[in-house]
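Feature list (source: TrEMBL):
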- 1-335: domain 'Major facilitator superfamily (MFS) profile' (DOMAIN)
- 6-21: transmembrane segment (TRANSMEM)
- 28-47: transmembrane segment (TRANSMEM)
- 53-78: transmembrane segment (TRANSMEM)
- 90-108: transmembrane segment (TRANSMEM)
- 114-136: transmembrane segment (TRANSMEM)
- 157-180: transmembrane segment (TRANSMEM)
- 195-213: transmembrane segment (TRANSMEM)
- 220-240: transmembrane segment (TRANSMEM)
- 246-266: transmembrane segment (TRANSMEM)
- 287-308: transmembrane segment (TRANSMEM)
- 314-331: transmembrane segment (TRANSMEM)
Amino acid sequence: MISAYAIGAIIGAPLLTLLGASMARRKLLLVTLMLVIIGNLATVFSTGFNELFIARLLSGIPHGTYFGVAGLVVASAVPLQERARAISRFMLGVTLSIVVGTPLATFIGQLFGWYWAFIQVCLLAFITLVMIVYLLPVNPHEKRSAPRTELNAMMNIQVWLTLGIAAIGFAGMFCIYSYLAPALINITHLTPHGIPPMLVLFGVGTVIGNVIGGRLCTRFRFDSVGIILSLSAIFMLVYPSAMHNILSAAAGVLLVGCLMALAPALQVRLFEVASSAPSLAAASNHAAFNIANAIGPWLGGMAVAAGYGWTSTGYIGAVMALGGLGIWYISKRLESRKSSSSEVKT
């Protein structure tokens, strides 16, 4: 069912954003939240596997558009130099959901039945919808877009390189996270009761990383992506060795969570390279994250199935981080050549 949601997010991000390109951002946010409510209600009332799969796919469709457009609303509300920190604060909601929301939903599902977890999502989406209606003012000066304008913005090679960094560079974190529980049980020798605290620690790492990522991006702009990916490769290379001791494993899990620092830096980068029509690019960023969420666990599963062990995911993650770093380097070189060419012409 996780795959169904991810497929919905990958398909829905460009499709729904293009369909709503001419809408006011406030209105599009309300539409996406209504779709979230409908999709999760459909999940609650599903009676078979096929119905449940379709319901989860529908639930994922508004994901990328909501986060992409909401990020644009946040970014447009602050001066240019404050965008990175504003985006990191916005993304703080996503990381806090890992720390609080996921364990809470699991607890509610175990206590009252799995469908109550999705009812909880519906209630939270409804509360968010009401808050937007009453707290987010209509912006009469907002620049409207159009499907063709959004598609033209996607013709910039820098947009695709940034999305490539997200899809490849983030895959390592998802690779490790997907097999974290069996690694902790089989390598660190934790009991099943010791897994939830470690997952919470991972969530705390994502919160810390998100804040640090915003500050790094404010200071170093696109260079912050190279810094974060370099650190990612180092952390992931150390991860297999760290898992043999509970204290070093805890530190390793926290540091892997900190790799969420990449998220605000990439979002700000997309706003810059697709400034004429950033909605589709911003939404596609979340589709790229879901592609990473598919690639990482798939590669990790292949390594584990081949007998390389539960912690081999760290080495795969390091390779993916280096792959993202390579794309970042290409992006920087192309940008440098373009700047040099412009200087020669003038």
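From the backbone N, Cα and C atoms, a Cβ is placed for every residue, glycine too.
The shown structure was predicted, so the numbers you read here are calculated from the model rather than taken from an experiment.
The transmembrane segment (195-213) makes contact with the transmembrane segment (90-108), as judged by at least three Cβ pairs under 8 Å among residues 6 or more apart in sequence.
Take the transmembrane segment (28-47) and the stretches 6-21, 90-108, 114-136, 246-266, 287-308: counting Cβ pairs under 8 Å, 114-136 has the most. Proximity of distant same-chain residues to the transmembrane segment (287-308), defined by a Cβ-Cβ separation under 8 Å and at least 6 residues beyond the stretch ends, is recorded for 3, 6, 9-10, 13-14, 60, 63-64, 163-164, 166-179, 263, 315-317, 320. Counting residues 6+ beyond its ends, the transmembrane segment (220-240) has Cβ neighbours under 8 Å at 165, 169, 172-173, 176, 213, 252, 255-256, 258-259, 261-262, 265-266, 268-269, 272, 309, 311-315, 317-318, 321-322, 324-325, 328-329, 331-332, 335 in the same chain.
Packing against the transmembrane segment (114-136) from elsewhere in the chain are residues 26, 29-30, 33-34, 36-37, 40-41, 43-44, 73, 104-106, 108: each is 6 or more residues past its ends and has a CB under 8 Å from a CB in it. For the transmembrane segment (90-108), the list of distant contacts is 67, 70-71, 74, 116-117, 120-121, 196, 199-200, 202-204, 206-207, 209-211, 260, 263-264, 267: same-chain residues at least six beyond its ends, Cβ to Cβ under 8 Å. Taking pairs at least six residues apart, the transmembrane segment (314-331) and the transmembrane segment (157-180) share three or more Cβ pairs below 8 Å and count as touching. Mean model confidence for the domain 'Major facilitator superfamily (MFS) profile' (1-335) is a pLDDT of 90.
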